[in-house]
Structure formats: structure tokens, C-alpha cells
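The signal peptide annotation in Swiss-Prot covers 1-35, and the record cites sequence analysis as its basis. Among the features that Swiss-Prot reports, domain 'WAP' is placed at 37-84. Positions annotated as disulfide bond by Swiss-Prot: C43-C72, C51-C76, C59-C71, C65-C80, C88-C138, C97-C121, C113-C134. Positions annotated as domain 'BPTI/Kunitz inhibitor' by Swiss-Prot, on the basis of sequence analysis: 88-138.
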Amino acid sequence: MPPNRLLLPKMRLWGLLPFLVPFILLWSIQEPALAEGVFIRTCPKYNKIKCDFEERNQCLRHRECPGEERCCLFACGRKCLDLSEDICSLPQDAGPCLAYLPRWWYNQDTKLCIEFIYGGCQGNPNNFESKAVCTSICINKRKMSSWI
């Protein structure tokens with residue numbers, strides 16, 4: 001009698017094929033952002049924020065963002081964010097355009113949300129439609145994280 005051992009079928013590696021093929025195909029894509037579901041970097045999650053109006057989306061998918069930035073639902077619209085930087089520590093940036101849009105930014109030195117005039121284009125994500133949204137994202141988040 002043969003010794004008691006687990007006899008694996010001859011086709012043991014073929015069972016992995018359905019899992020390996022999609023992985024190989026996604027790995028070979030020239031633009032890695034096209035395989036969005038594979039990557040671990042995730043967008044920040046915020047509690048429901050009450051917005052007076054929905055902002056124009058800067059992006060719809062990660063591949064529409066430059067470099068390593070990710071397309072995230074942030075404040076009141078979708079924006080390209082660099083997940084390695086703290087948005088609330090960015091300086092005030094009105095951008096090069098000449099619109100007159102009252103906005104709010106978080107000043108890390110004073111720990112306050114301060115009103116400024118946004119030009120309507122470019123700038124950075126430390127730019128909120130209201131003081132309430134700025135407070136919700138930058139001040140309340142910091143209070144919660146200081147407890148951890």
C-alpha cells in the first residue's frame with residue numbers, strides 16, 4: 001500500500017490560472033493608474049460634509065490626475081490630491097486667474113480657517129467653499145487625531 005499522503009492532481013497549478021491572468025494583464029498595463037483597483041493608496045475619508053453647492057469636478061478617475069496624484073472626493077467635489085502631503089498644511093494660493101471667489105483656507109500657524117479671495121483656477125486643495133467645510137476637514141480632523 002502506498003503511504004498515506006495527500007495526492008495533488010497533476011493540474012494543481014492550473015487552478016491558479018483564473019487569478020493569475022487578470023493580475024498579469026493589469027501588471028503589464030503601460031499606465032499603472034489604469035489598474036486603479038490594484039493599488040493600496042486610498043483617498044481620505046471624511047464624514048458627510050454639508051456643501052452649499054457642489055463644486056465642479058477636477059477629475060473623475062485617477063488617470064486624469066498628473067503624476068502620483070489620485071482623484072478623490074474631497075470637500076465638495078472630486079479633486080486631484082497628492083496623498084503624501086497634508087492638505088491642511090499647504091499655504092494659501094489664490095491661483096493665477098482673476099475671478100473673485102470668497103473661499104476659506106486653513107492656516108496651520110494660527111490653527112484657524114481664514115477667508116481669502118480665490119481666482120478661480122489652479123491654486124491648491126487647501127481651498128474650501130465655506131468656513132464650516134474648512135473646519136470640518138482641518139480643525140475637527142486634527143482634534144480627533146490628537147486623541148489617538
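Keep in mind that glycine also has a Cβ here, set from the backbone N, Cα and C atoms.
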(request) Give the helix, strand or coil assignment DSSP yields for C71 (disulfide bond). (result) strand
(message) So among C71, C80, C113, C134, C138, all listed as disulfide-bonded residues, which is physically nearest to C51 (disulfide bond)? Use the C-alpha atoms.
(response) C134
(request) Mind checking which of C43, C65, C72, C76 has the fewest other CB atoms within 10 A of its CB? They're the disulfide-bonded residues. (result) C43
(request) Please work out which residue of C59, C113 has the most C-beta neighbours within 10 angstroms of its C-beta, and give that one of the disulfide-bonded residues. (result) C113
(message) With DSSP assignments reduced to helix, strand and coil, which class does C134 (disulfide bond) get?
(response) helix
(request) Sort the disulfide-bonded residues C65, C76, C80 by C-alpha distance from C138 (disulfide bond) and give me just the closest. (result) C76
(request) Would you please pick out, from the disulfide-bonded residues C51, C88, C134, the one with the fewest other Cβ atoms within 10 Å of its Cβ? (result) C51
(request) Report the member of C80, C97, C138 (the disulfide-bonded residues) whose C-beta atom has the most other C-beta atoms within 10 angstroms. (result) C138
(request) Could you tell me which three-state DSSP class C88 (disulfide bond) falls into? (result) helix
(request) Compare the C-alpha of C121 (disulfide bond) with the C-alpha of each of the disulfide-bonded residues C72, C76, C113, C134, and give the closest one. (result) C76
(request) List only the single closest residue to C59 (disulfide bond), chosen from the disulfide-bonded residues C76, C88, C97, C134 by CA-CA distance. (result) C76
